[in-house]
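Straight from Swiss-Prot, the features:
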- Ser110, Leu111, Leu112, Pro113: (6S)-5,6,7,8-tetrahydrofolate binding site (BINDING)
Amino acid sequence: MKLIFAGTPEFAAAALRELIAAGHEIALVLTQPDRPAGRGMKLKPSPVKEVALAHGLRVEQPEKLRGNQEAQQMLRDIQADVMVVAAYGLILPQDVLDIPARGCLNIHASLLPRWRGAAPIQRAILAGDDETGITIMQMDVGLDTGDMLSIHPVAIAADETAATLHDKLAACGAQAIVETLGRLDRIVPRKQPEDGVTYAQKLSKAEAEVDWALPAEQVARAIRAYNPAPGAFTQLGGEPLKLWMASAEPGSAEPGAVVSADADGVLVGAGQGLVRVSVLQAAGGKRLAARDFVAGKSLPAGTRLGV
């Protein structure tokens, strides 16, 4: 099948690799323009661009598609069967959605209609969902409102972080799009249910600051959901302290008060229950397992976090 592929981060790169391996003709790859990154803020290509160039594929990086007649004509000239879209980062107007013979298919990281929007992976963990997955969707101009072509459930583990769930879903999405394209002629699209719609709004750095007055389970989920970005944090002696891994335990203590700090973790009071933080990062330092963190920094019982 002759494809245009549009995507930017590693989530999309996994799908591109799988489509190439499956033998599809990738006539064009669209991805976001190179962005400054790293300490030197040098321009860095997206993961999708790196994969595309490694396989000798044509890459284009328009700043926008809406109203961009030159880019739209370029897409028409390809005469693609399908455009596959995965975390591209640009809005596709109707005149672009109509260009491929069979439209545009999106790889969305949730079981729609739950978690439409920008941050479905993190929002699923924050909400305490047991399951999420991949939806392959026929795109329309709405926010993840198109007809569903296939759904692929993925379990959320008790200790899941956004990083680990991302990798599971990227692998699932890559397999799902190949499978769906392979039986596209036999699929009857299904409307999304009207019940159960939720929206996964974009994450903000402000919401990643830990509120120790919340129940321990909610705090622990937030710490895992914000790993790797934007990174949950609290205050320790006026300095930011990042928290990367945590679980909830029974018990009680003042919210934000350290109960104990040893090789098994830093145990902190919450609004209901205790939070055991097992991976931490002091300002200017590296991520450390609790064992190594407490070996270099004293956290006596009663130390207050968040102040």
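Heads up, the Cβ atoms here are built off N, Cα and C, so glycines get one too.
Within the same chain, the residues at least 6 positions away from Ser110 ((6S)-5,6,7,8-tetrahydrofolate binding site) whose Cβ sits under 8 Å from its Cβ are Arg116, Pro120, Ile121, Ala124, Thr132, Gly133, Ile134, Thr135, Ala200, listed in sequence order.
Listed in sequence order, the residues His108, Arg114, Trp115, Arg116, Pro120, Gly133, Thr135, Asp144, Ile151, Gln192, Gly196 complete the 8 Å Cβ shell around the (6S)-5,6,7,8-tetrahydrofolate site centroid, once Ser110, Leu111, Leu112, Pro113 themselves are left out. Candidate binding-site residues: Leu111, Leu112. Fewest other C-beta atoms within 10 angstroms, Leu111.
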